[in-house]
Amino acid sequence: MKSGLKRSNAPIFWALFGGGGMLSALVGPMLVFITGIAIPFGLLLPEGAMSYPKMLAFAQNWLGKAFVFAVIALFLWHAAHRIFHTLHDVGIHAGVAARLICYGSAFVATLVSAYVLLGLGF
Amino acid sequence: MEVFKADVAIVGGGGAGLRAAIAVAESDPTLKIALVSKVYPMRSHTVSAEGGSAGVKKEGDSLEYHFNDTVGGGDWLCEQDVVEFFVSKCAEELTQLEHWGCPWSRTEDGHVNVRAFGGMKIERTWFAADKTGFHMLHTLFQTSIKYPSIKRFDEHFCVDLVKEDGRCQGVVAIEMASGEFTLIEAGSVIIATGGAGRVFRENTNGGVVTGDGMALAYRHGVPLRDMEFVQYHPTCMPGTGLLFTEACRGEGGFLVNKDGYRYLQDYGLGPAEPTPRNKAMELGPRDRLSQAFWHEQQKGRTIEGRYGPVVHLDLRHLGATKLHERLPQICELAEQFLGVDPALAPIPIRPAVHYTMGGIMVNGLCASPLPGLYAVGECSSVGIHGANRLGSNSLSELLVFGKVAGVEAAGFAKSVAPGNSASLLKQAKAVEQRVTGLKTKTGGTEKISVLRKEMAQTMEDGCGIYRLADTMQKTCNKLDELKARFKNVNLEDGSSVWNTDWLLAIELEYQLDVAQTMAYSALQRRESRGAHQRLDGYEQRDDVNFLKHSEANYVADGAPRISYGDVKITKSQPGVRAYGAAGEKAEKERKASHV
Amino acid sequence: MSESQKTIEIEVLRYNPETDQAPHLQVFQVPFADDMSVLQGAQYIKDHLDGSLSFRWSCRMAICGSCGMMVNGEPHLSCQTFLRDYYPARVRIEALSHFPIERDLVINMEGFIDKLESIQPYIIPKEKRSLAQGEYLQTPEQLNAYEQFSSCINCMLCYAACPQFGLNADFVGPAAMALLHRYNMDSRDGAAEERMELVAAEEGVFNCTAVGYCSEVCPKQVDPANAVNINKTNAAKDYFLRFLSPKGGSK
Amino acid sequence: MSKRRPYVRPMDGWWKKNPYFVEYMVHEGTALFVAAYAFTLLVGLVRLGQGEAAWNGWLEALKSPLSLAFHAVLLVAILYHTYTWFKIMPRTLPPIIVGGKKLAPATITGGGLMAALVASLVLLGLVWRIAQ
Ligand SMILES: Cc1cc2nc3c(=O)[nH]c(=O)nc-3n(C[C@H](O)[C@H](O)[C@H](O)COP(=O)(O)OP(=O)(O)OC[C@H]3O[C@@H](n4cnc5c(N)ncnc54)[C@H](O)[C@@H]3O)c2cc1C
Ligand code: SF4
Ligand code: F3S
Ligand code: FES
């Protein structure tokens, strides 16, 4: 075997990519439908389903917090990973810069959502 | 010129060459091995063997049976002491391959499974689905990677041997990618370049099977032995010659003529039974089956196909499930090339040239008469196939004798002093000049593709399943003519990088030499034996005059000189080659007379 | 050629490093028969029209793996691809994508061979066994676990199909990974951990973005994409587990 | 001196040269929509954190026709993501042996899509309950 092989750190990003991909594949379409179409336009679900008190309660609940966090963060990590690779695919090997933009924004968004969710209290 | 100093140089990266290389490496890890092959080893023609490899395995089988099948199958033209050694080593070598990872097909309890094969009394053919050769070759190639002492010269085309002090001391090869020459000095050389089936028109062989090594040894004075014995395989694809493995028949396929009749029962192979019985009907030996086809054709009972007469290989009764499980590659071939689903329709087939029984004359230790030169595999004649090889014996031969050749060549290399490098280099430069001349010379008018076609056609005409003196004579004359015309050949490509035009020309020259040895040996064998069958007054075997090996000796600028050598008979006196019910009766009688 | 003889146009990507700056296309008229393979078309050109055309081939039966070419932009074994599937339109044949062209249809495959050698493609026995002890027992089920991956003919069509290999020639790539997986899955072998080092390396499986075209074009149903992607999971497990157990995972 | 001069072909525009690659790029492209949606949610979350007025403003914005069109596009793209995600899945999972036989790719893809359907219905049900 070749010597001097360097272990890749890809598993971290790959795992986040996979998790986000799976979550978005499972519930992505329904979420979009619910938050972007059904509730705002009163289709199928009452408009009040996303009223401030209800959503606040939801986001203050442990499980609700986790769900919101998982959706936002994992979706973004999934997307960041794919977009980063697609940039490479189309010949933009900006390397560090591309990496920073893609994963960096996912990272920042993760922090922001965690900050807000924690700020909402329990 | 690049020079590489090896202890053992091996020309040929097929099953035989790889096994030999591993044997050298294992016998002494300090020996440097040069493994030269004109294709990447896993492309070698061993890859296309389908059916399997013989070795006594099953309860009730014995070395004696394997011996008898081989010697009888070879029409008693075998070196019996060598056969005895061979059968005793097969199973061990096949097990060795198992340890190296070969994915042999298994029985439910995890043991290696064996199947029936033509001319074999008992199931003893080890197989890996219907890709046995493929798996053996890849296993050997991949295993060879483990040994750092094996230095491969992939896609290096060997153009000559170098000799000094009366012994072989190396080879000269062209690196195909650059067109540059390399001299490989070596204490001993093993030739493992495979067969020569492509001198015929319709054949089962790959493009690389052009008899190169045979011609190389021959030109250096080593006789080619028993070259008239060329095996026709009875079940091949019309037009391309591609093979449908014997395993089709081992699994229970039928051969039927245009009336749907299992015609083999008319040729002493019966009785016709619904399930396969060893050494009978479809599981008779190849020569007999190919000959029966010829007779059916004479009787007008074959079917007219696009590429001439065919008969049918009928597998329908085996059912789609079994076919796809046991014979997947056959199904694929039939569907892609012929548009036939074997589960629904019979496959049109005809005989085509398959195997060269003869080759570089070597003793039981793979040593040729030229000291330091060894040969193994289909290019060699170690003496186990006689006048007709039994299917599945040749893959085992690669292993058993590959190891022998490796060990022997290693021993020889260690026993000799290093050669005179300066003088070898001088020889190699002369070779370079001669071979380069072929592509730089101008004014030629002959096209190699034309010469090649004429050669293949005349071989088919004169050295086919049945042979006649006058057509064989015509073939000999034609080959002489082609050799003369070759001198006037014109290459279309004068470049260096990957000049296949040039390499094909060199191959053609090899082929013409080998074809000559076949035709001249055939002409002079005035009897019928195994794969050599005549219809001009020599229809019988003639043990008085021809229980002899033919030896074709090179004569510069002339026809080969044919001489004869003795056959080693130990335990099995020549008897009648009988198969089917007649064979069983004959065997009983032989047994009875022994007690 | 009689007038009734049908012909097909074959367009070939030619390159001779000694005379050409870059590859260029050349069209040949080849007599057409409906059982003629693309390889036979190329052979016709070499024998009758232009002896300088170079390409690799041998077995003619889709098992030696020599004759891969791009046929109308898709990787195929030319010996089992038939002109009838393109006739009467023109067919274009080119050297396999993503590999350097040495000459005409001949690619440089040294890099592939290096990869093949780098994966330790041989049994490193779990427990040693002497020949006298006979064969290792391996049930048909155990055989099944790796057999598919052992049927790779090294034709490299999958590399010509894989854009990630095209973009990064260091990527170990589909066929070599399939072979690595074949040995890891063999019940006789005990070196999966050693081979993990390459799987998890920067040249390893994470170059793959699951394009999947490699498996699509594989003529032997090896499904190399599967081998690569299963090993992503394995490498990820190995990556995270090494934090858990002191000995777990490779270096 | 060797006359070899291996020619390396450029990779420019490779994704346009084969329908298979075009499809690959399209399904990779769904990531942009996944990201867009995640950002939309993130904005919502931030607004939620800023109090009722902010949140209501965000809700109002969702009702604009532009938002509807945007979400319709997101829905299509993410549905396509779901489909391709499970379509590739047979190539990425270790073989699943059921009753001695390898599970067929179509079964795995079908199973994945079924799981997505079930998950979506469960989600819908939960939201329904919250809404009551
Ligand atoms: C279609 C088919 C099916 C078969 N099925 C069976 C079967 O089921 N059972 C069985 O026992 N036998 C079978 N055989 C026969 C058996 O496969 C062959 O006899 C055997 O594989 C030959 O092996 P080899 O190593 O001698 O030669 P090959 O495998 O042909 O290798 C020859 C090697 O020599 C190299 N070489 C040749 N010339 C040169 C040169 N000038 N310079 C450098 N290198 C050179 C080539 O590159 C190659 O590596 C079959 C044969 C065919 C054609
Ligand atoms: S995995 Fe398939 S396509 Fe790739 S080299 Fe092997 S046989 Fe060819
Ligand atoms: S095409 Fe390439 S990207 Fe992966 S799935 Fe196959 S190796
Ligand atoms: S010629 Fe051997 S695979 Fe096509």
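Every residue gets a Cβ built from N, Cα and C, even glycine.
Here is what TrEMBL records for this protein:
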{"type": "DOMAIN", "residues": "B:7-395", "note": "domain 'FAD-dependent oxidoreductase 2 FAD-binding'"}
{"type": "BINDING", "residues": "B:12-17, B:37-52, B:Asp212, B:Glu378, B:394-395", "note": "FAD binding site"}
{"type": "BINDING", "residues": "B:His233, B:Thr245, B:His354, B:Arg389", "note": "substrate binding site"}
{"type": "ACT_SITE", "residues": "B:Arg286", "note": "active site, proton acceptor"}
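Feature annotations (TrEMBL) mapped to structure.
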residue  : record                       : Cβ neighbours (10 Å)
B:Gly12  : FAD binding site             : 32
B:Ala16  : FAD binding site             : 35
B:Arg43  : FAD binding site             : 31
B:Val47  : FAD binding site             : 29
B:Gly51  : FAD binding site             : 24
B:His233 : substrate binding site       : 26
B:Thr245 : substrate binding site       : 27
B:Arg286 : active site, proton acceptor : 25
B:His354 : substrate binding site       : 25
B:Ser394 : FAD binding site             : 24
By the criterion CB under 8 A from chain C, which of the binding-site residues B:Arg43, B:Val47, B:Thr245 would you report?
B:Arg43, B:Val47
Whose Cβ lies within 8 Å of the mean position of the Cβ atoms of B:His233, B:Thr245, B:His354, B:Arg389, the substrate site, other than those residues?
B:Thr204, B:Gln231, B:Leu243, B:Glu246, B:Arg286, B:Tyr355, B:Gly391
Quick one: largest C-alpha distance among B:His233, B:Thr245, B:His354, B:Arg389, binding substrate per the record, in angstrom?
15
Using C-alpha atoms only, work out the spacing between B:Thr245 (substrate binding site) and B:Ser394 (FAD binding site) and round it to an integer in Å.
14
Does anything in the same chain, at least 6 positions from B:Val39 (FAD binding site), have a Cβ under 8 Å from its Cβ, and if so what?
B:Gly13, B:Asp154, B:Glu155, B:Val208
Could you tell me the C-alpha distance between B:Gly12 (FAD binding site) and B:His354 (substrate binding site) in angstrom, no decimals?
19
Compute the C-alpha separation of B:Gly51 (FAD binding site) from B:His354 (substrate binding site), stating it in Å without decimals.
13
Give me the count of other Cβ atoms within 10 A of the Cβ belonging to B:Arg389 (substrate binding site).
28
Secondary structure of B:Arg389 (substrate binding site) (DSSP, helix/strand/coil):
coil
Which of these recorded positions (B:Gly12, B:Arg43, B:Arg286) have a C-beta closer than 6 Å to some atom of ligand 1?
B:Gly12
Expressed to the nearest Å, what is the distance separating B:His233 (substrate binding site) and B:Arg286 (active site, proton acceptor) at their Cα atoms?
6
Given the recorded positions B:Arg286, B:His354, B:Arg389, find the one whose Cα is closest in space to the Cα of B:Val47 (FAD binding site).
B:His354
Calculate the per-residue pLDDT averaged over the domain 'FAD-dependent oxidoreductase 2 FAD-binding' (B:7-395) and state the result as an integer.
94
Starting from B:Arg389 (substrate binding site), work out which of the recorded positions listed here (B:Ala16, B:Arg43, B:Arg286) have their Cα within 10 Å, and give them in sequence order.
B:Arg286
